[in-house]
Amino acid sequence: MLARLGFWRNKFASSSIISFIFVTISQFSLTLIPHYFSSFSFLAQLSLSALLLLAISGLGKACRLFLLRVHALAPAFVFFNILFIWGVHVTVIRKEIALLWNIVFNAECILLIFGLYSIVYGDPGLVAYKEGELLQNEFSDIKSDTEDHRSLKVDPFCEQHIPKNSLPMTRIRYCKYCRAYIRGFDHHCPAFGNCIGKNNHLLFMALLVGFVMVEASYIACSTQWGRIHNTVVRKFEIGDEVMLESTLFGNLAISTRLFSTLQVLWQVCYCCPISFSFS
């Protein structure tokens, strides 16, 4: 048992390290867009950033699967991206914007990380069962969306007696990823590494809104920083060393703004159908 526990700890540590390396490479690669395409419009830079992220994602997946044989952790990937953007804000943007913006953004990041921890390690609505027999007296609607439940020797009653007019938050379905029955099962979220069910559905919706708010706040802060701080430094005005530092900070501010904008776009597109389906 201890040996198995040590194996999973090592696997978790290795996957987290891979996620950290992948996030670092992705974020610093994005700085190439404002560095080499500074004359392009923001929309053109946004398109190039999306293509670059897709290329890095495909290359990273191939390296992890065929060379390293280690999968990255999606929750760790989300967490390290939040930390990276937060770090750029603290080291670069914070110095040039209003104190109120700093307080708001820092508070949003803290709440977002707390919510991320809660949904990753929280109970989505697990239903207790015995091997070979579900506790059927605890619920009235059971449905399995995979054939893996047969390995648990579940009573076929689960597939035969399903009320047609059952409420979404009372139905129970089997998740093949978590290998568990979830009350109010909506879907398994790879980004959070957990199912979305009755107990954490509201938290899931709040986190989606929270991510959009944090990224929108960062876009506003970095835009304000760009207006205040002149990132175009002429060589005849200051030395090369200072110019390099200023250019790097400017590229980081712009690249993380591009990344945050891409995140907001797909998250808003993802949230709209969900909000309509539950309205």
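A Cβ is built for glycine as well, from the same backbone N, Cα and C atoms used for every other residue.
Here TrEMBL gives transmembrane segment for one range in the set 12-33, 166-187, 232-253: that range is 12-33.
Mean pLDDT for the domain 'Palmitoyltransferase DHHC' (169-270) in this predicted model: 81.
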